[in-house]
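Structure first, commentary second.
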Amino acid sequence: MKQAREVALDALTACERQGAWSDGYLKKAIGGAKLDGRDAALATRLCFGVLQNRMLLDFYLSKLCATPLHKLEASIRNLLRLGAYQLLYLNRVPDHAAVSEAVSLARKKAKNPRAAGLVNGVLRSLIRQREALEPPADLSTRYSHPQWLVDSFVARLGREEAEALLAADNGEPPTCAQVNTLKISAEELAAMLTAEGVAVEPHPWLPDCLFLNGTGSLEHLEAFQKGYFYIQDAAAHLAVLAAAPQPGWRVLDACAAPGGKSFAAAIAMENRGSVTSCDIHPHKLRLIEAGYQRLGLDIIHANLLDGKERKAELLNSFDLIIADVPCSGLGIIRKKPDIRYKDPEPLENLPRVQAAILDNVADYVRPGGVLLYATCTLLERENEGVVRAFLDKQRDFTLEGFQVSGPFLDTDTGMLTCWPHRHGTDGFFFAKLRRI
Ligand SMILES: C[S@@+](CC[C@H](N)C(=O)[O-])C[C@H]1O[C@@H](n2cnc3c(N)ncnc32)[C@H](O)[C@@H]1O
């Protein structure tokens with residue numbers, strides 16, 4: 001049976017070779033290897049830690065390894081990164097354990113019989129030279145973000161603040177539980193989770209939201225099974241609160257899977273009215289269904305729909321349309337650390353897709369109704385750029401300011417960006433538009 005380090009190594013190699021997503025691959029691999037809670041947490045930390053620091057680790061390793069890293073077998077390259085990450089960042093792992101486990105994995109994984117010796121030599125040199133290592137001055141290598149993304153953050157925030165964002169991107173995101181207030185209060189849920197051994201803290205500024213620690217697998221918690229909460233970042237929840245859905249409203253969530261915004265809307269509506277939760281992928285509708293059934297939100301119905309395709313029967317019929325469009329995801333690097341390494345070229349077409357969905361679903365809003373546009377990215381061209389282009393064309397919509405709890409000063413413009421380094425949230429953007 002595989003141990004934590006081998007699971008992490010296989011996930012890193014799969015990400016590099018097959019373009020797999022680390023979080024999805026890890027979840028399956030952890031289940032397949034039947035790792036217990038502690039080992040599952042170690043495998044995740046090792047895999048995410050390497051991805052968060054991959055460029056920096058390569059910078060150090062390339063000074064110690066005679067063979068260029070790109071010429072090594074993928075599993076050996078990742079084994080060196082895994083070993084170096086433990087030696088440089090994980091105080092709780094003794095040096096000898098990090099090295100000896102890497103060497104025995106090299107024997108198991110490598111085609112080249114000399115690989116184990118190479119791994120042993122490089123990691124031992126790293127231990128000897130660790131104290132003298134100088135981090136590189138350039139932000140891209142230092143924080144392991146590609147140069148194009150660093151340039152975009154620096155252009156927007158300046159070097160100092162961009163550096164704070166890059167550091168926050170490499171932090172560990174909190175597990176953020178939204179309370180299903182139709183079933184339980186935040187205080188009662190906190191007491192129940194504490195009794196189940198979970199460390200619980202109220203969110204600093206979002207009501208009915210709890211930070212959880214030490215949950216193990218959520219599915220095993222009684223409070224989860226009973227539908228007392230669901231997982232959603234504070235910023236994503238805030239977007240729905242800004243739209244202020246009311247009991248009895250007709251809501252269409254155009255890009256809904258796995259369903260977080262629909263759940264937030266149905267809870268705010270006290271489970272009265274209707275929420276039509278659409279997605280273009282049939283298999284994702286199952287996620288929405290499983291979620292609303294668990295939470296007991298029976299005003300939600302899942303529907304297969306392409307948000308770009310015009311449906312005459314939907315025109316002018318909804319009080320609120322949520323357009324949480326597909327995006328580059330560069331606001332959730334904390335949760336998907338490998339997203340930064342994906343090819344940026346296909347991302348350039350996203351504003352066109354986003355605009356096509358927004359333009360189309362806007363016509364489903366009744367006069368006087370609300371259109372909420374949202375993304376989990378921090379690129380202006382997918383955020384303010386799409387909204388401005390939309391407003392240039394659609395003269396019967398206007399941005400509308402809103403009031404939400406939290407440390408936000410600029411909500412009267414109707415557009416808000418939440419930032420990991422400023423607000424402790426995912427990077428998230430939303431705009432509230434009113435149809436005149
Ligand atoms: C950002 S995610 C939505 C997250 C969701 N709103 C939530 O809060 O849990 C975007 C979703 O849009 C779906 N999608 C992509 N293109 C679409 C289209 N043309 N029409 C409808 N859904 C689409 C994707 O399958 C994905 O589930």
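Even glycines carry a Cβ here, placed using N, Cα and C.
Just so you know, TrEMBL annotations are computer predictions that nobody has curated.
Averaged over the domain 'SAM-dependent MTase RsmB/NOP-type' (165-436), the predicted model has a pLDDT of 97. TrEMBL lists 165-436 with the feature domain 'SAM-dependent MTase RsmB/NOP-type'.
For D306 (S-adenosyl-L-methionine binding site), the number of other Cβ atoms no farther than 10 Å from its own Cβ, over all displayed protein chains, is 14. The S-adenosyl-L-methionine binding site annotation in TrEMBL covers C255, A256, A257, P258, G259, G260, K261, D279, D306, D324.
Taken from TrEMBL, the feature active site, nucleophile applies to C376. In the three-state DSSP scheme, C376 (active site, nucleophile) is classed as coil. When other Cβ atoms within 10 Å of the Cβ of C376 (active site, nucleophile) are tallied across all protein chains shown, the result is 26.
Around G259 (S-adenosyl-L-methionine binding site), taking its Cβ as the centre, 27 other Cβ atoms fall within 10 Å, counting all chains. Binding of S-adenosyl-L-methionine is attributed in the record to C255, A256, A257, P258, G259, G260, K261, D279, D306, D324, and the widest Cα separation among these residues amounts to 19 Å. Summarising the environment of C255 (S-adenosyl-L-methionine binding site), the number of other Cβ atoms within 10 Å of its Cβ, over all protein chains shown, is 22.
Under a cutoff of 8 A between CB atoms, and with a sequence separation of 6+ in the same chain, the neighbours of A257 (S-adenosyl-L-methionine binding site) are S277, D279, H281, K284, L285, L287, I288. Note on K261 (S-adenosyl-L-methionine binding site): other Cβ atoms within 10 Å of its Cβ, all shown chains, come to 28.
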